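Engineer: In case it helps, TrEMBL gives these features for our protein:
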REGION    B:1-33  region 'Disordered'
BINDING   B:Thr87, B:Asp89, B:Glu102, B:Gln121  Mg(2+) binding site
SITE      B:Lys104  site 'Transition state stabilizer'
Protein chains: 2
Amino acid sequence: MVIHYPNGKSYTPPVKQAQKKKRPKDISFSNRGMSLEDDLNDSNITYLTQGRAVIHKKPTPIQIVQVDYPKRSAAVIKEAYFKQASTTDYNGVYRGYYLDFEAKETKNKQSFPLKNFHQHQIDHMSACLNQKGICFVILRFASLNRLFLLEAADLLVYWNRQYQEKEKKSISLKELEKNAHEMYYNFSPRIPYLEVVDQLIEDDVHNIE
Amino acid sequence: MVIHYPNGKSYTPPVKQAQKKKRPKDISFSNRGMSLEDDLNDSNITYLTQGRAVIHKKPTPIQIVQVDYPKRSAAVIKEAYFKQASTTDYNGVYRGYYLDFEAKETKNKQSFPLKNFHQHQIDHMSACLNQKGICFVILRFASLNRLFLLEAADLLVYWNRQYQEKEKKSISLKELEKNAHEMYYNFSPRIPYLEVVDQLIEDDVHNIE
């Protein structure tokens, strides 16, 4: 049974059995990371509906090469390529604060590999921190189904460490247990990350001038 | 001569004369609005480089239908459609404040038609205002080459007016001269909109709790 979450995606009517095309079996790659993304989109819709925050995932950047304009119907993109994003995936506004974050998953059980992040995302988060934004990453250990919110300032420490010490290309689970904020799945919102953000604000870690 | 502005677009090497394909003459539609967008992207890069603000244009939302994965080369999107955005085009962080805006152009000389905006953008700006974001629209009269920054709170007044009074489907130039902030093109950044934002912040219009 396909469950259609209210995740902002357009509803595609179910295809009749007879018309169904055979799908390739190796769909794991394209689904990689979808679960965390779905949960976050769902949470953002909940927050938006409740009037608590306005947070959106940015669209995937695409380089469009060729577009057809058929008469009396919608423009069709016939050739395009995925581009690397220059920012993180999520941003928005909450109680006057600018929120900016990235979400990543790993199948590892002991540590979170830093190769999940790219230099341009690190640079973007640094720039946002300089502008007094509240920046963080949401990390999920898929096999353990554990969720952490790690502040960008702490991520930067681990990021820089990998260039100084050998064999430290990841953040250990123990380090996250100590330095990040563990979050637990809920019903609505499914990932209640604003509770951690409230804590960050109250801790005066992020003073707005 | 083609001038390549530092607008974040990938550089395309110039095609030799002999290889040049004839281009269709009616390129005006596809270029509509490019000038204001280019100037804003250029301004945002200037602000980012100067470390003054982190403002980005969101990618155009695309509904991807079919993707080919050729062996040993990049994934090619073979069928996709333009989707309507659920937010405004630009957002980011400046001095701890959340900035959110939309940019629109008209060829009119006397008034700015409200049909340039959509209900979902109005809803988004209202929601951002409720979260104490700084929201506005940048309006350009292409024929006059005049630029205005209109605060979202004022846009909402004009937007709601169109449902109350007949024949008021637009904001007159006189109203903008009185209630909006006129901006003048500069060299770097080309559209110095943060100067107006500074003014808004100093006027205590947007107090952060």
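Cβ from N, Cα, C; glycine included.
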Engineer: So around the Mg(2+) site, B:Thr87, B:Asp89, B:Glu102, B:Gln121 aside, which residues have their CB within 8 A of the centroid of those CB atoms?
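Structural biologist: Counting only non-site residues, the set is B:Lys58, B:Ala85, B:Thr88, B:Tyr90, B:Asp100, B:Phe101, B:His124, B:Met125.
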Engineer: Per residue, counting other C-beta atoms within 10 angstroms of the C-beta, which of the binding-site residues B:Asp89, B:Glu102 reaches the highest number?
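Structural biologist: Ranked by Cβ atoms within 10 Å, first place goes to B:Glu102.
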Engineer: If I take the alpha carbons of B:Lys104 (site 'Transition state stabilizer') and B:Asp89 (Mg(2+) binding site), what is the distance between them in whole Å?
Structural biologist: 10
Engineer: At a CB cut-off of under 8 A, do any of the recorded positions B:Asp89, B:Glu102, B:Lys104, B:Gln121 come close to chain A? List them or say none.
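Structural biologist: It is none; no candidate comes close enough.
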Engineer: Through the lens of DSSP with three states only, how would you label B:Gln121 (Mg(2+) binding site)?
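Structural biologist: The residue in question, B:Gln121 (Mg(2+) binding site), is helix (DSSP, three-state).
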